[in-house]
Amino acid sequence: MTRVQMRRLTPGQKHRRTIFAVTRRCAKAGKTTPRLLPVSLPAVSCLLRVDVVRCPPPLAAAMGENDDSEIIEHHVEEEMEKKRSRSQASSSFLESVTPSEREGRSGTQSSHRLLAYSDALISIIATVMILPVAHTKVEDNEELKESVQLLLTTKIAVYLMTFLIVTVAWAAHIRLFQVIVRIDDCLALMNLACMMLITFLPYTFSLMATFPEKVLGILLFCACVMVIGLIQSVIVVYAFSRPFLLNEQIQISENQTFYKHHILKVIMRVPIMCLFASIFSFIFFQLSYVLLAIVIFLPYISQSLRWCRSKAIGQVEDTPDSMLFYTYHPNEPLSKERVEAFSDGVYAIVATLLILDICEDNVPDPATVRDRYGGSLTAALQSYGPEYLAYFGSFATVGLLWFVHHSLFLHVTKTTRFMGLLNTFSLAFIGGLPLAYQLTHEFPRNSRNELEAIQISCVIIFFAGIFQLAIWVVALFNERETLHPYVRYGGREHVFMLAKLALYPCVALGTFFLTCILSKFSAPIFHLMEITVPFAFLVLRLLVRVGLALLRLIFCPERPDPRTVLEEEDEETRTPFSALVT
């Protein structure tokens, strides 16, 4: 008996090959081809290893005289046996556990609700840090440029760094619970301890920014991060001691010990760096801030060092299994559902913060209405007209940016670590929209401060939209893994999706330069932009079709009508975006 390794075949290809072989043998023997029953095959490709038995000629002739339908029956039995073996492999662990472990498994539940609670908590604590920035009052006689420069060195820097650090902790939480898919009471309580410390991080960072020369803020921040790392390490050890809590791929893996040691090593890197930062805070505290900044970009630094090592000494295999978790690779998958849930939380909180400012500042005092406006509430509310206009415009901006984000992730099939980082930057600027709302109606008409406030708002909107566009561009480089076929390069929805993502960056950039030229009309131009963009989204598909038709008419006048061309093209013949760029 010899073992032959065949190339990777899909189940459909294997079935067709079997049918072809039976038909050819029947034709040689002069028999009628047996009726082939449909066979239920798995929907995934697998690497097939088959045993080919070399039979003597008499035995082969005898086999040829037998009914060929036995081959089909054997094929069906083989596929059913493979199904049974896969189901037995996934449940073999449950049969090997002790009765006490089975009782423990009955006390577990899915982690979906715990993860939803964690995502909501982290999105709230990351977004509300904009409140100290948005509620900073700038007097009319002060120069906004000088005030913004002062804010950038303190409050805005604190907000951006806090947002990034909290989202780094959230990304680590995602990766941890991609390994752990079920929880029990002990895991739920340890997760609550992690959430308590994560929500305390903004306060420690505020102390660091307010008192940069004091080491207490750095020590508190580093202590929180180290305790979070220790709790996550305990969670990993606890989960691997009860493997039924783990991902199914790890459950059936023969390298569970390697997985556990690798995950613990990755988790403990950040607490160790914070330990060094706390030590250096007593010696040279500027170096402590550098180490804390490295924590944010540690995955990309590690990946760069690993690439340099592979070029120097060659590629080193970590494990015989395919390592999908804690790889430090920019293409490492993140949970798409949790990225969407966190993003939705940020958008919802930002929209809520806008109406809180209206309820707090735009309700007139009864005594003022009685004395100044003669008891007329309508006349009193008319003075708040610009605030209402700024609120509706800001809410429309937040809502439409969420709509673009929703459309993008509707067509994304897999999110990666690098896409998650770009999404974090976009959400950080989304969180700055309450500041833009406050600035656009804070100053007198046609003043220098009003012009600068509107330009700051345009910059915030531009960067919030451009990072969304960057997510799509990154997804295009691995479009077969990350994007739906309709929006890939050359797909039917490709240009329409590009127009959606590019609309806000283009409009914000155009408004910025237009206000520089027509500074006296900066406020009307900005409010006109906020009002017209929603209508532009309504007719965007029509505008895209008209634009494409004009381009075809100008540059390709002899090109046939695309409606006459077959719409369903073979994806294998379509040029990928990454190959086109290369």
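Heads up, the Cβ atoms here are built off N, Cα and C, so glycines get one too.
All annotation found in TrEMBL is predicted automatically rather than curated by experts.
Taken from TrEMBL, the feature region 'Disordered' applies to 77-110.
The feature compositional bias 'Polar residues' is assigned by TrEMBL to 87-99.
Under the heading transmembrane segment, TrEMBL lists 114-136 (among others).
Among the features that TrEMBL reports, transmembrane segment is placed at 156-174 (among others).
Residues or ranges marked as transmembrane segment by TrEMBL: 186-205 (among others).
Tertiary neighbourhood of the transmembrane segment (217-240): same-chain residues 169, 172, 176, 179-180, 186-187, 190-191, 193-194, 197-198, 200-201, 204-205, 207-211, 246, 256, 259-260, 263-264, 267-268, 270-271, 274-275, 277-278, 281, 285, 288-289, 292, 295, selected by CB-CB distance under 8 Å and a gap of 6+ residues from either end. Taken from TrEMBL, the feature transmembrane segment applies to 217-240 (among others).
Beyond the transmembrane segment (270-301), the same-chain residues lying 6 or more positions past its ends with a Cβ under 8 Å from any Cβ of the stretch are 164-165, 168, 172, 213, 215, 218-219, 221-223, 225-226, 228-230, 328, 330, 417. Residues or ranges marked as transmembrane segment by TrEMBL: 270-301 (among others).
The transmembrane segment feature in TrEMBL is assigned to 388-409 (among others). Residues of the same chain lying 6 or more positions beyond the ends of the transmembrane segment (388-409) and with a Cβ under 8 Å from any Cβ of it are 336, 339-340, 343-344, 347, 350-351, 354-355, 357-358, 362, 415, 426, 430, 433-434, 436-437, 440-441, 461, 464-465, 468, 471-472, 497, 500-501, 503-504, 526-527, 530-531, 533-534, 537.
Annotation comment: TrEMBL describes 421-441 (among others) as transmembrane segment.
Feature annotation from TrEMBL assigns transmembrane segment to 453-477 (among others).
Positions annotated as transmembrane segment by TrEMBL: 498-521 (among others).
Summarising the annotation, TrEMBL assigns transmembrane segment to 533-555 (among others).
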Open item on the list: Does the structure show the transmembrane segment (498-521) and the transmembrane segment (421-441) touching, where I'm treating 3 or more Cβ pairs under 8 angstroms (sequence separation 6 or more) as a contact?
Closed with: no
TODO: For the transmembrane segment (186-205), could you work out the same-chain residues 6 or more beyond its ends whose Cβ comes under 8 Å from its Cβ atoms?
DONE: 114, 118, 121-122, 125, 129, 158, 161-162, 165-166, 169-170, 173, 180, 217, 220-221, 224-225, 227-228, 231-232, 234-235, 238-239, 245
